[in-house]
Protein chains: 2
Amino acid sequence: MVRKFDARQPDFETGFAAFLAEDRGTGHDVASIVRKILDDVEASGGQAVADYTAKFDELQVNPTTLQSDNVDLHALAADCPADLRKAIDFAHDRIAAYHTAQRPADHRFTDTTGVELGWRWTALESVGVYVPGGRASYPSSVLMNTVPAKIAGVSRIVMVAPAPGGELAPAVAYAALKAGVDEFYPIGGAQAVAALAFGAGRLKPVDKIVGPGNAFVAEAKRQVFGRVGIDTIAGPSEILIIADHTANPDWVAADLLSQAEHDPSSQSILITVDKSVGKAVEISVENQLMELPTGERARLSWEAHGAIIDAPDLETAAAIANQIAPEHLELAIADPDALLPLIQHAGAVFLGHLTPEALGDYVTGSNHVLPTSRAARFGSGLGLYDFLKRMSIQRVSPEGFAALAPAALRLAEAERLPAHARSVSIRTNRSGADG
Amino acid sequence: MVRKFDARQPDFETGFAAFLAEDRGTGHDVASIVRKILDDVEASGGQAVADYTAKFDELQVNPTTLQSDNVDLHALAADCPADLRKAIDFAHDRIAAYHTAQRPADHRFTDTTGVELGWRWTALESVGVYVPGGRASYPSSVLMNTVPAKIAGVSRIVMVAPAPGGELAPAVAYAALKAGVDEFYPIGGAQAVAALAFGAGRLKPVDKIVGPGNAFVAEAKRQVFGRVGIDTIAGPSEILIIADHTANPDWVAADLLSQAEHDPSSQSILITVDKSVGKAVEISVENQLMELPTGERARLSWEAHGAIIDAPDLETAAAIANQIAPEHLELAIADPDALLPLIQHAGAVFLGHLTPEALGDYVTGSNHVLPTSRAARFGSGLGLYDFLKRMSIQRVSPEGFAALAPAALRLAEAERLPAHARSVSIRTNRSGADG
């Protein structure tokens, strides 16, 4: 049985807040294990990476090259079927088009005091892309993490993916080559994150590490953050669907299950302003679960973390959505554009009945790497911005200097930083003369 | 004596790389201490915050309100001298103007397949601003961290600042009120970060925590990252100056020392393409150090971490600058705009002889919270973007659905996600009928 809430009930807020606060993570404390792996790789480089890879992935990699005779990206890619290549090419081109549109403009302006200000965006030089291996080995993830880096102008894109026993999906290999990965290493786990951050063997350190992984990978990214950039700490993911009487219950049920099948810790929530739709969706979920090959996993998620919420109106539904701050939000309602302005916190919004999350996962072109576990309160999905940084620019004219100097001197004095004051005052006498 | 390098020498690269890799941090392992403080605050809330504040700051705060009878923001602000208020107002207005210009535009477009795509920027709801107390209590930091949040539209700005023994700078209090801080708590350290992230007493959790702090604060931010957003992990800061024969050695020396006076771990580096300028700067630094009230601190920094590098030309100087990826880069040269396109990695660039870093620290309007310790390789200074997030938007038409469905189905099949495939295929038969 899935949990049900009624937003009209006086105890809704308390009960629902407790539901939202439930831990969907693994709960394992992996910090000290990860610390040791990072320290080992920093101290022993490629040898430590090779040792951990032999231990965890049963794969021999050369401590210097970090390559394995059993994993050849080009050979693997050649095994990718033609129709799947075509689908990957199609997704690639759409992702490239969407992210090309994201490029921010440089800006430069002169204000009334004669001070020139602005900023300039430049690309990161090198990026490491972590791609999970095994069951969760997704060519779409390769594209979503790599294509924006390429579009941004990153000149060195390094991909790592564990290949347990030498196994790696041919579609992952094809997607990597299609997206233009410059270097590939068949390594994973915290040891791969360490190798990317510190360098190991011939793998030179990168400037930023992106891509999802298990709890060890997430913790390793957290621990190397600062020394290199990271994208986000990914947690369990979720979908929220707001449905009205125009929604097709079978479609809504299918979309809820498309999230639930990912992992038992996934979360699928329906808010409906029409009770009969809620009931019909609940029945349809049960029916579809029985047919679904991934039904066992999806049922665990649906029964542990799923919910159906009755809301009196769409405004209330939007307020609840903002409280959830879902990774994915489908507006399966008659006029989604009318509700959109009320949505403040969501990773991605899917408008109308023909826009299931699954299309966004693969081929609309927008990025499927999105803030999970309520992180849409403060974070954005992956985008071109993750591979660019903004350099601020300023140039002070003699007139501008005269206008700015007094306040700067007063503040430096208040902050007891006399060398700051001196670097202004030393120029004061000559500020009219130089430019 | 300051260290000197010559980029023309064959061993320059090795020696300089070793210099850059030197640890300027504290080296203390604070992770476990911070972990305990976070756990205590999460378990015991306001009481734990009050206990730690009594212990570390010798200040009694009420466990429920987290307020102290000895710290009244309005009373303190009233003690701020009129001329200092005027300087704070001046800086405030310039910072507000600069960050207003940063607002990114929403975007919506329909592609050739009839798929509508785009994104929308929305503000964070609540932000915590950490302001260091004691000696490093800076009104300018209050403005730099708070004003962009206000401009972005953050509705709840919470400031924390330790007030050891009840002491807090009146200018900090005035700047907080001027910038529009909504709540203030006289707490600091890891316990304040924990209170902001988890909530404590009447302090409700915030969505993101920004602002610099000591090693405990930095580690606490690292550990709560994911649960809330954070800005960056701040490390020791630095200035790099590229100077040619047009530079005034006394001005350059003053600017190097304005960075060195912050902290013994600060770093000031000069690259000059004119050896005589390098020599003159070295002498001027010695002379100014003798007069400077903060000379002792500045000398520690200059002698331990400073450097003067001779470069054969400006192109080489730019390449070295990119390797350093400095927080602050002054181009004290005849034609800074000509060199700017070669600069790839820097937090902020100051063009020409009349733009010392100190003006940017206070009053040009651009943000002085910048990526330190080589983080400009992957990060940007604080800006409006830190207080906004980007929601992706997509809407698929019947024609678009027909165009996208086959590739999505093929990819879902390859990734063994049958519920993803079903959420597409279930709509296929009716995709011509619904919109």
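Positions of Cβ are set from backbone N, Cα and C atoms, glycine also.
Classification of A:Glu327 (active site, proton acceptor) by DSSP places it in coil, neither helical nor stranded. For A:Glu327 (among others), the entry in TrEMBL reads active site, proton acceptor.
Per TrEMBL, the feature active site, proton acceptor maps to A:His328 (among others).
Among the features that TrEMBL reports, NAD(+) binding site is placed at A:Tyr130, A:Gln191, A:Asn214. A:Gln191 (NAD(+) binding site): 28 other CB atoms within 10 A of its CB, across all protein chains.
Here TrEMBL flags A:Ser237, A:Gln259, A:His262, A:His328, A:Asp361, A:Glu415, A:His420 as substrate binding site. Using a 10 Å Cβ-Cβ cutoff, A:Glu415 (substrate binding site) registers 22 neighbours. In the three-state DSSP reading, A:Glu415 (substrate binding site) counts as coil.
Applying an 8 A CB threshold to same-chain residues 6+ apart, the list for A:His420 (substrate binding site) reads A:Ala408, A:Ala412. The feature Zn(2+) binding site is assigned by TrEMBL to A:Gln259, A:His262, A:Asp361, A:His420.
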Task: List which of the recorded positions A:Gln191, A:Asn214, A:Glu327, A:Asp361, A:Glu415, A:His420 have a Cβ under 8 Å from any Cβ of chain B, in sequence order, or say none.
output: A:Asp361, A:Glu415, A:His420
- prompt: Tell me, which binding-site residues from A:Tyr130, A:Gln191, A:Asn214, A:Ser237, A:Glu415 are within 10 Å of A:His328 (active site, proton acceptor) if we use the C-alpha atoms?
  reply: A:Ser237
Message: Need this for a regression test: recorded positions A:Tyr130, A:Gln191, A:Asn214, A:Glu327, filtered to those with Cα within 10 Å of A:Ser237 (substrate binding site). What's left?
response: A:Glu327
Task: For A:Glu327 (active site, proton acceptor) and A:His262 (substrate binding site), determine the Cα separation and express it in whole Å.
output: 14
- prompt: So among the binding-site residues A:Asn214, A:Ser237, A:Gln259, who's got the most Cβ atoms within 10 Å?
  reply: A:Gln259
- prompt: Compared by Cα position, which of the binding-site residues A:Gln259, A:His262, A:Asp361, A:Glu415 is the closest one to A:Gln191 (NAD(+) binding site)?
  reply: A:His262
- request: Determine, using Cα-Cα distances only, which of these binding-site residues is closest to A:Asn214 (NAD(+) binding site): A:Gln259, A:His262, A:Asp361, A:Glu415.
  value: A:His262
- request: Could you state the whole-number distance in Å separating the C-alpha atoms of A:Tyr130 (NAD(+) binding site) and A:Asp361 (substrate binding site)?
  value: 18
Statement: Cβ atoms other than its own within 10 Å of the Cβ of A:His262 (substrate binding site), all chains, total 23
